[in-house]
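Shown next, in structure tokens, is the structure this report addresses.
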């Protein structure tokens, strides 16, 4: 039992640290690490087994918060110093999760609905690029509070659904640099200004996890195929956000090795589902 909690805390650490990278989805990382289903079930069934589920979530969230605080600066430094290998490493990680998602979809035979469900997920991710930029910075007073609640619900979508990057959404709305500064400097006064966003996020998480838990248990095929579409869509966003262009010289070799490392690391980790 103790070993399980340590392993869950480590996975939370990985999720939190990866979420600080624009284009990387916390939900995708949870799926990659084999902890996604359990997290969804724990939140949606919070009051059915409160002691067990709350303890599990506290361990994961605690690890995630530690990862966000401890690795925000090192990750930023790595991305600035080695943009190609780091970018391709994350691309490899996401690509490595695709076989696991196919397995969980329990596809027994091909049908026309398979590509349609995947396409639906792909379109949903790409449509997020149509969100208005810097929407909160242009408002004040009660309007900004209500908008923060709405943005919090969007953040919940990014937290719950794999393939949708919370940090990418926040960057688009002009909030990423502010939150990164707040976490990296532990400026709680700055972070306190986002309490309405947190309220909207928490409410959205409970609503979405309940829907996702029901869908994955009763309709695994379409649920995991849509998730696969989310993940495939995130590859495009990851490339745009993390890779500055086409690698040249030694960067080609190091990028290829980093992508292979990420791919096979995820394949290995997927065998240790919590």
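From the backbone N, Cα and C atoms, a Cβ is placed for every residue, glycine too.
Among the ranges 54-72, 168-186, the one that TrEMBL lists as transmembrane segment is 54-72. Within the same chain, the transmembrane segment (141-162) packs against the transmembrane segment (221-240): three or more Cβ pairs sit under 8 Å, each pair at least 6 residues apart.
For the transmembrane segment (84-102), the residues of the chain that approach it from at least six positions outside its boundaries are 18, 21, 23-24, 28-29, 31-32, 34, 78, 224, 227-228, 231-232, 234-235, 238-239, 242-244, 247, 251, 254-267, 270, judged by C-beta separation under 8 angstroms. The transmembrane segment (6-33) shares the most Cβ pairs under 8 Å with 221-240, out of the stretches 194-214, 221-240, 252-270.
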